[in-house]
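First the structure, in the form of structure tokens, and then the observations on it.
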């Protein structure tokens, strides 16, 4: 194993030469242009931030660097030499290290064992524990984590300490490009400070860092340059001085909404859904109300508690405090069956995994709740007729209602998932990412259906990571941050308003 | 492991020297024991074993005799051998259901060669090679074809049993050479040969799991296969080696067992795999991989052995022994889960600030 001299900064081969470059990287997924001709460069001793909305292309870019995804075109140069990233091991050999949110440490091994894993010291198969401990101690000292005991099992460490182990591991493998994907989201404020100090140390050692983040404050604080992604393309690369939050938000947004959304000509009636003081594992003390004929959006970053809010209302995630009522009647807590009987329907986040039963027919899928809750049926007719009506009213395109649902397109599957709640006396519809993975034409149709359902008197609560969707459909928008409702905006708000509210206003309570 | 154990020693020495720090020191030692799942589990299983010994010796005075302990040691030896190998497989998040049948097939291979006049060492080597070969096939199919180990080794369980019957269609082999039983029945001092072999196997496995790169790789593969792969650990080679070793140790267990009973019987070892897995789990190896210790397994194997030996001596019908063994296994898993959850709660230092 190569030794790392931490006493003096690593030799800087001309500070001006990029250690990593990308030219015209493109990647097409079925129906989505994930990355379009992205150019990028990274200098030694630099922290280069990547920012962009969900789906803007940051993750695809990082995955290509890691060798987890292959680009359709374009090339990557590492230290000026063209690099082929056929798999994760290539990236490692080229000196690229990745610290993802899902930390790849081995809980059962010690800190030292994790750091040297894959390049253990010792002759003839023996594991030289002393030398491993010494190496680990030296590297940890170098990044200011000398309080971490190298012989401690990693499973007992905090997330921040596990991150430090990952960073030390990267240094042990002699990486000179370290990619960090939202490293601070699981950290407390004080741990963030410590991480930033480690990053400063790494910079001094001549390491280059790609830092993916949503948080403006962090980018302002540690970024030397910022590259903004939007819709799979690089919008701009800014220097520290130019990268003000306002400017970054302006660059991230500013897209043509078009007229794929129906006009908001609904007349909200009386209150149907009322949620007061709802608290659970990931949500805190949330109040909200939705009237008949109203669509209320729930916005926030990934992990803000949006899905958990819907699932808690539906009784699928545990509620610790608070109550939910529909039309003034209390919904039994922590009971999905109770929620359904009270007139609540959920269209869950993952259509394939949670929304449909793939091996069953359209008929069986659409009648799942209908057959289970005879007392809550909207219509007591023949099953055949009820199913046909639901399918027709949702405009599902299928050769027969006996068709296996997994053979339909994503958009039509989703319409069946919504349709099953129309066979019931549903008053409240909870929609979680209703258009995820659906092509743009079908999206438009689903927007129209959602609008029509609201117009017919349903109360709708909608979660979406796509801000244009929230703004285009909703009458009001509730913004969540770290489990708290941090504010409410009218449907006429701008994307910048929503982003500002969900990012700028403290993550901590 | 060794480092934490030595620091533990140092601490207790210190606390003996300066009396005032004694209670604080011992408190922290207790906390470290409670917080370390492995240590706690080992202590709990040792206590269970002790309790069983006390109870059985109460029921039958013959239990606590040298000859019974020698008998117990001979009976438990094959279990310790196969369970040591199984522990490593299960730490790496694998499973080998074929060990019972491989044991039978290999002992029949050795016995049939011995009947034909092949010198015993050669016959034993052939059996070991055959066991390694079946293990290699298990590992290669599991790793290269990405098939679940349960399915693959369930298949080879049947295949190996079939082979055992194919070699000796007429049940028990006759005409074994007189020295066939030497290995299984001799004693060195008071120690029966089988238990000495088992002790060597367990010690080597224990040493390798803690002190070699291979051992570290086994824990890494079971704890987080993707992290191991990304760190450059040869994941596939590690897994295949473990299955080869498991097959070989099943063969060794077969040799030990059949030389003790003095026959080459294709019917032996039916249900042996379940005893082996029970010993491993009772010994505290995590079902989800990444954790476990050979010494825990040895205690687990002794518990399984003491249970059947003790029930035998107490005059309990053999059929009830199955019931008892099954209950002990389930109890061990329940305890494992409880201990695990309890430690997780202690280990999590910062509850999410609300």
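Heads up, the Cβ atoms here are built off N, Cα and C, so glycines get one too.
Where the annotation comes from TrEMBL, it is an automatic prediction and has not been curated.
The feature region 'Disordered' is assigned by TrEMBL to B:1-22.
Sequence-distant neighbours of the transmembrane segment (B:40-60) (same chain, 6+ residues past either end, Cβ-Cβ under 8 Å): 33-34, 282-284, 293, 295-296, 299-300, 302-303, 306-307, 309-310, 313-314, 335-336, 339, 343. What TrEMBL lists as transmembrane segment is B:40-60 (among others).
Within its own chain, the transmembrane segment (B:72-92) has Cβ neighbours under 8 Å at 99, 103, 184, 191-192, 194-195, 197-199, 201-202, 205-206, 209, 218-219, 221-222, 238-239, 242-243, 245-246, 248-250, 252-254, 256-257, 260, 272, 275-277, 279-280, 283, 285-287, 289-294, 296-298, 300-302, 304-306, 308-309, counting only residues six or more beyond its boundaries. For B:72-92 (among others), the entry in TrEMBL reads transmembrane segment.
Residues annotated as transmembrane segment in TrEMBL: B:121-143 (among others).
Outside the transmembrane segment (B:150-176) by six or more residues, the chain places 95-98, 100-102, 104-105, 108-109, 111-112, 114-115, 134, 137-138, 141-142, 262-267, 273 with a CB less than 8 A from a CB of the stretch. Summarising the annotation, TrEMBL assigns transmembrane segment to B:150-176 (among others).
The annotation transmembrane segment is assigned in TrEMBL to B:188-208 (among others). Counting same-chain residues at least six beyond the ends of the transmembrane segment (B:188-208), those with a Cβ under 8 angstroms from any Cβ of the stretch are 66, 70, 73-74, 76-78, 80-81, 84-85, 87-88, 214-215, 249, 252, 256, 260, 293-295, 297-298.
Look at TrEMBL and you will find B:239-262 (among others) tagged as transmembrane segment.
For the transmembrane segment (B:294-313), the list of distant contacts is 38, 41-42, 45-46, 48-49, 52-53, 55-56, 59-60, 62-63, 68, 71-72, 75-76, 79-80, 83-84, 86-88, 202, 205-206, 209, 275, 278-285, 320-321, 324-325, 328, 332: same-chain residues at least six beyond its ends, Cβ to Cβ under 8 Å. Residues or ranges marked as transmembrane segment in TrEMBL: B:294-313 (among others).
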